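Visitor: As annotated in Swiss-Prot:
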- Cys272-Cys284: disulfide bond (DISULFID)
- Cys315-Cys326: disulfide bond (DISULFID)
- Cys337-Cys346: disulfide bond (DISULFID)
- Cys391-Cys402: disulfide bond (DISULFID)
- Cys567-Cys576: disulfide bond (DISULFID)
- Cys623-Cys634: disulfide bond (DISULFID)
- Cys645-Cys654: disulfide bond (DISULFID)
- Cys724-Cys751: disulfide bond (DISULFID)
- Cys762-Cys777: disulfide bond (DISULFID)
- Cys779-Cys788: disulfide bond (DISULFID)
- Cys871-Cys882: disulfide bond (DISULFID)
- Cys1310-Cys1321: disulfide bond (DISULFID)
- 387-423: domain 'EGF-like 4' (DOMAIN)
- 696-753: domain 'Sushi' (DOMAIN)
- 867-903: domain 'EGF-like 14' (DOMAIN)
- 908-1006: domain 'Fibronectin type-III 1' (DOMAIN)
- Asn292: N-linked glycosylation site (CARBOHYD)
- Asn408: N-linked glycosylation site (CARBOHYD)
- Asn484: N-linked glycosylation site (CARBOHYD)
- Asn536: N-linked glycosylation site (CARBOHYD)
- Asn712: N-linked glycosylation site (CARBOHYD)
- Asn886: N-linked glycosylation site (CARBOHYD)
- Asn977: N-linked glycosylation site (CARBOHYD)
- Asn1015: N-linked glycosylation site (CARBOHYD)
- Asn1109: N-linked glycosylation site (CARBOHYD)
- Asn1139: N-linked glycosylation site (CARBOHYD)
- Asn1298: N-linked glycosylation site (CARBOHYD)
Amino acid sequence: MRLGAAWALLLAAALGLGTRGVRAAVALADFYPFGTKRGDTVTPKQDDGGSGLQPLSVPFPFFGAEHSGLYVNNNGIISFLKEVSQFTPVAFPIAKDRCVVAAFWADVDNRRAGDVYYREATDPAMLNRATEDIRRYFPELPDFSATWVFVATWYRVTFFGGSSSSPVNTFQTVLITDGRFSFTIFNYESILWTTGTHASSGGDTDGLGGIAAQAGFNAGDGHRYFNIPGSRTADMAEVETTTNVGVPGRWAFRIDDAQVRVGGCGHTTSVCLVLRPCLNGGKCIDDCVTGNPSYTCSCLAGFTGRRCHLDVNECASHPCQNGGTCTHGVNSFSCQCPAGFKGPTCESAQSPCDNKVCQNGGQCQAESSSAVCVCQAGYTGATCETDVDECSSDPCQNGGSCVDLVGNYSCICVEPFEGPQCETGSYLVPSPCLSNPCQNGGTCVDADEGYVCECPEGFMGLDCRERILNDCDCRNGGRCLGANTTLCQCPPGFFGLLCEFEVTATPCNMNTQCPDGGYCMEYGGSYLCVCHTDHNISHSLPSPCDSDPCFNGGSCDAHEDSYTCECPRGFHGRHCEKARPHLCSSGPCRNGGTCKEMGDEYRCTCPYRFTGRHCEIGKPDSCASGPCHNGGTCFHYIGKYKCDCPPGFSGRHCEIAPSPCFRSPCMNGGTCEDLGTDFSCYCQPGYTGHRCQAEVDCGHPEEVEHATMRFNGTHVGSVALYTCEPGFSLSALSHIRVCQPQGVWSQPPQCIEVDECRSQPCLHGGSCQDLIADYQCLCSPGYEGVHCELETDECQAQPCRNGGSCRDLPRAFICQCPEGFVGIHCETEVDACASSPCQHGGRCEDGGGAYLCVCPEGFFGYNCETVSDPCFSSPCGSRGYCLASNGSHSCTCKVGYTGKDCTKELLPPTALRVERVEESGVSISWSPPEGTTARQVLDGYAVTYASSDGSSRRTDFVDRSRSSHQLRALAAGRAYNISVFSVKRNTNNKNDISRPAALLTRTRPRPIEDFEVTNISANAISVQWALHRIQHATVSRVRVSILYPEASAVQSTEVDRSVDRLTFGDLLPGRRYTVRLTTLSGPGGAEYPTESLASAPLNVWTRPLPPANLTASRVTATSAHMIWDTPAPGISLEAYVINVTTSQSTKSRYIPNGKLVSYTVRDLMPGRRYQLSVTAVQSTEQGQLHSEPAHLYIITSPRDGTDRRWHHGGHHSRMLRNRPAPVRLPELRLLNDHSAPETPTQSSRFSELVDGRGRVSARFGGLPSRAVTVRSQPTTPVPLKNTEAPEQVHLALQLPKNSSKDTESTPGSCSEDACQNGGTCVPGADAHSCDCRPGFKGRHCELACEKVPRPCTRLFSETKSFPVWEGDICHHVYKKVYKVHQDVCFKERCQSTSLRKPKQETK
């Protein structure tokens, strides 16, 4: 009893709409903060305006799609994709991408009153409030945390047609998201009007009535939407009293999913579940006001009322225009339009095209009160019914036959022609290369006027007959790389300057065994074994890591005077001596949790259904009830569950079935339309079937009576051609049928029997009888013949007398009497001269019924009617030449005249000029003759052009509509005479021409080839180039230009074509210059010389100046101190390179100090002769530039303290005191430097290059190069890998073997003939040496040397250690590795002066 009473009370409360006692509307204090003081932006005060596109910092999900921008529209909505300025709300759903969030879609006019504010917010206070609201209204998302909020507020806005005193509304839209879920909150403070006063809205002066405001959401696809109850009805005035979250005037929705989800409060009794009060598909929403259970219905489009029980009268807004009658339907209406109008709302006036059917794709176009068909290409006629014959213009060239198609044509070409108009191809002409003109293996290439021979190496000339002398000295198959110097590229298996040495067995490939597995290294003709670091190491530079200071497996990293330890996991401290405790060793994580240490703490990663610091708290399994339908897979998600739906299904529990179009059932590009439980496919042209799976097949085209048929297929676009039998003709102009996309052939033609009587062949009243391909004439009485052309001949009786001729007539005759006789039978004679029969002044003499004409000179004939000489009267005048022919004449007009009698003047074109000149073409233009009459006389222009030597004369005809022409296929650099004539074409092919407009011009010559820099010094740059004998035949001169620094001046020089190189002198050192070359043709100004396009510019830097006044201020037994002048002001140097050279090796050091003015060379040997060189280095954007080296020659003091001398590049010596030398380190020798041993050896070499980044390229003898990355002092042997291709010039470093000669001090003595060619013998500690005269080198000065330029590699040294075995002890050998810089150097070519066995050597 009590239960029934409770439900009765609930029902009464629900149906009674009771909200008394509940505070209506949301107070402004409860709105999300807004206004300019909060940082809001205000939309312009504009009717139907808005904010414009506002980019979003966070993508906002809406109806399953993410949006990166939105529009705040004044009319109460936020829209995506496009701005919506429509003021009268259209009933949802609507399409055309109108994605809208509508708090109050109505005709707002903020010009009269109110403002519209908006802003994007991410401040913590706003995010915290949004998070709390969503968790309250959607309790199923307790972990939601807002990351972005957008607030739009319409504050005290009025309606269109209102005033500043009209009612105003205040409402707000709040968008909230965390990047995945998105929500909307609507706040309504006061709603006093619902409608604008525009005619389409129908509101009154108080803003009520008509089509009221609409609130809700629209996806923009025409299907998905949601309306707040009362939308577009008068109930919208009470929207601030309704709610779905227990707060009157507030609504909350989740809008990220495919459908809108309504918020709730979860603490009231559900009226919707018990009563289900909403009808006609309306959605019931619990108001859930505490203590006052109620509901509202969200109605489908077309229904309204508290319970959606009222059908909306769509005719109430009078949608039918122009007097149309509205008929109401369910969620629809229809308009019956008056005469002259059409359309869903009678909005369109009828067009004359409505009843006009244009065929073959023609488009109807209304003109005034009539309709005209605009036809597709290929059709004509009033309704585009006639196919245009595109073959009528004979487009096929060179004998091709034309086939007419619809809107097109096809040419069937005759071999060997091809192309759309058979325009491509030519009849085969014998190749000039058939006679094999090229000798000595040359390759023949066809040219425009003959042939060109491409000669092999060693031959030249037109036919490759001339042999090129070869100065290459490379041996064993080596190839010369330099033009004027010997630089050889050796084949595999050979090496040496001239490839004269063959790679033989080396010490390291003779099965040499090294202790402890170390690898073998070539060493001074013998070998050394590289050792491991676990053996006793003795070297002169101890490392901070030698004491193994790092414990517990730590790795020691040595620095210059310190070290650091890299500790393994679990240890720390300077020497890795401290152990870290393992926090996870006690197993703190329970229930299968995983422990992870993080600094001095640990963290447990718990398995599913467990939580807590140690995974000690269990949670229930939310998937145990099997909530996912339709095969969905349940997985746990943020403490709850989520369904992973199979393809096509959606919804929280996979309860929403997929669209029939989900799996794209339509084939071949068909478009699928969703029909609810079924689908429909709209197929592409040419396909059919329920799923567009079948290709349209028109089938076999039917036969046409009295016609033969051919067709090329049965699919869309196929063509069938019909040809009528003799005696029949086509009923239509087209004989082609086309297979149409509908699967049917177009209408067939008919072969209608030809009515041969249609031409009325029967004469004289005869009747025609039609036959098949023939006819027969039934003649009237008195006529006969095939066409009744013959009558009975009354003239057979010869009724005419006195020579009269009889003419037969139907049933009669007539006599044609000779002159002098008249009468029916010509029986009466008359005066023959009475009619003055004699012409051209002839005299008539009567002769008894006849007459005789006595003709004047120049005329003859019975009546003097014939001119004996048609040119007698000079009909052509002085403007042409008369030509008599068959009694008539024709005029051949002189230049400048035309017309039958040469009476019209033919004027030439004017203002002939050259527009553009290229290598193979010239563009010219001109102006037509002055005067309209002169332009109408001519038919076109003749452009004649020929080379100045008279060869290759050509003439092109140009239509009179054009005033320019492009001359093509011209020879480069050649002068051409060009003439343009006005032309009038005549039927006898004797065209009339005007006087010519002429000019002389010359084409551009070909640009230069092989432009390169050959030498650079501090004040000079040398360049060279090449001219091809044939391609540059027209080049007369070469212009070389150099642009000075800072573009201050340009110097140009012209040289003859026989010159192929040039040197610019007097240049500034260390500056950048730009060099360009062009070719010139023509001997002088009168010959119109032309210039080629410039070659690519070369940017070249001159070398810096070498150090000036290089002097050795002090020389001891083991060192030498050098000084030089400070560089001139304005010169910025980067570094210096110091080279120390003996007769055995060269050592280099790179000093990165451009301000250096002195340097001390140490570690020299007592009593030795040295060459010291200092090179200045300047940095540019193209790399480093090196000056010429400044040289200094010294002799160190012996150990006994005696004085030695030094030379400054000459023979002026100074005496200096030396000091004792320190203990000597193993020395490095640079094998391929300027002072290599005089006799090359075949011992294998160990060489390496360093590029400054720790990458080392190493080479062992003839083996390929290898690369490896090393530290400054490797402590273990480094494996070689990563093969790199080396440059052509390889540098070799040899480690000399320590022997007793290095430690014993046995002075050498000089014999009488120790030094040759004037060299001076110098005794030494170990052996004597020779001080050679300039131009000689070698141990005994036996080599005569000269310098030639060559590409080279500069080296900057760096000392590194390398562990090797010496007996049973592992030492560190210190060697130098080098930074590499490519440069232009000088190579020495040396020739032995011995007469017994001459040989060359290149340094």
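Placement of Cβ uses the backbone N, Cα and C atoms for every residue, glycine included.
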Visitor: Spatially, which candidate from the disulfide-bonded residues Cys284, Cys645, Cys777 is nearest to Cys788 (disulfide bond), comparing Cα atoms?
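Guide: Result: the closest of the disulfide-bonded residues to Cys788 (disulfide bond) is Cys777.
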Visitor: With Cβ-Cβ distances below 8 Å as the criterion, list the same-chain residues six or more beyond the ends of the domain 'EGF-like 4' (387-423) that contact it, or say none.
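Guide: Answer is 360, 376-380, 719, 733-734, 736, 738.
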Visitor: What residue among the disulfide-bonded residues Cys762, Cys882 has the most other CB atoms lying within 10 A of its CB?
Guide: Cys762
Visitor: List every residue in the same chain as Cys654 (disulfide bond), at least 6 positions away in sequence, whose Cβ is under 8 Å from its Cβ.
Guide: Cys628, His629, Asn630, Gly631, Gly632, Cys643, Cys645, Pro646
Visitor: Given the disulfide-bonded residues Cys576, Cys777, Cys871, Cys1310, find the one whose Cα is closest in space to the Cα of Cys326 (disulfide bond).
Guide: Cys777
Visitor: So, three-state DSSP: helix, strand or coil for Cys326 (disulfide bond)?
Guide: strand
Visitor: Specify the secondary structure state of Cys315 (disulfide bond) as given by DSSP, simplified to three classes.
Guide: helix
Visitor: Starting from the Cβ of Cys779 (disulfide bond), draw a 10 Å sphere and report how many other Cβ atoms land inside it.
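Guide: Step by step: centre on the Cβ of Cys779 (disulfide bond), count other Cβ atoms within 10 Å, giving 20.
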Visitor: Validating a neighbour-count step here. Other CB atoms within 10 A of the CB of Cys284 (disulfide bond): how many?
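Guide: By my count, 20.
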Visitor: Please give me the recorded positions out of Asn408, Cys724, Cys762 that lie within 10 Å of Cys391 (disulfide bond), comparing Cα atoms only.
Guide: Asn408
Visitor: Please compute the mean pLDDT of the model over the domain 'EGF-like 14' (867-903).
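Guide: Looking only at the domain 'EGF-like 14' (867-903), pLDDT averages out to 82.
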Visitor: Would you kindly give the Cα-Cα distance separating Cys882 (disulfide bond) and Asn977 (N-linked glycosylation site), rounded to the nearest Å?
Guide: 32
Visitor: When the Cα of Cys634 (disulfide bond) is compared with the Cα of each of the recorded positions Cys284, Asn712, Cys882, Asn1109, Cys1310, which one is closest?
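Guide: So, spelling it out, the nearest of the recorded positions is Cys284.
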Visitor: For Cys576 (disulfide bond) and Asn408 (N-linked glycosylation site), what Cα-Cα distance in Å is obtained after rounding to a whole number?
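Guide: So the Cα of Asn408 (N-linked glycosylation site) lies 89 Å away from that of Cys576 (disulfide bond).
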Visitor: Does Cys724 (disulfide bond) have same-chain partners at least 6 apart in sequence with Cβ under 8 Å from its own Cβ, and which are they?
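Guide: Non-local contacts for Cys724 (disulfide bond): His706, Ala707, Leu730, Cys751.
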Visitor: When you put Cys779 (disulfide bond) at the centre and draw a 10 Å sphere around its Cα, which of the disulfide-bonded residues Cys337, Cys402, Cys623, Cys762, Cys871 have their Cα inside it?
Guide: Cys762
Visitor: For the domain 'Sushi' (696-753), jot down how many residues DSSP puts in helix, in strand and in coil.
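Guide: DSSP composition of the domain 'Sushi' (696-753): 0 helix, 24 strand, 34 coil.
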Visitor: With every protein chain in view, what's the tally of Cβ atoms within 10 Å of the Cβ of Cys326 (disulfide bond), excluding that atom itself?
Guide: 19
Visitor: Taking the Cβ of Asn977 (N-linked glycosylation site) as the centre, how many other Cβ atoms fall within a 10 Å radius?
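Guide: There are 16 of them.
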Visitor: Looking at the recorded positions Cys315, Cys871, Asn1109, which has the shortest Cα distance to Cys346 (disulfide bond)?
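Guide: Given the candidates Cys315, Cys871, Asn1109, the nearest one is Cys315.
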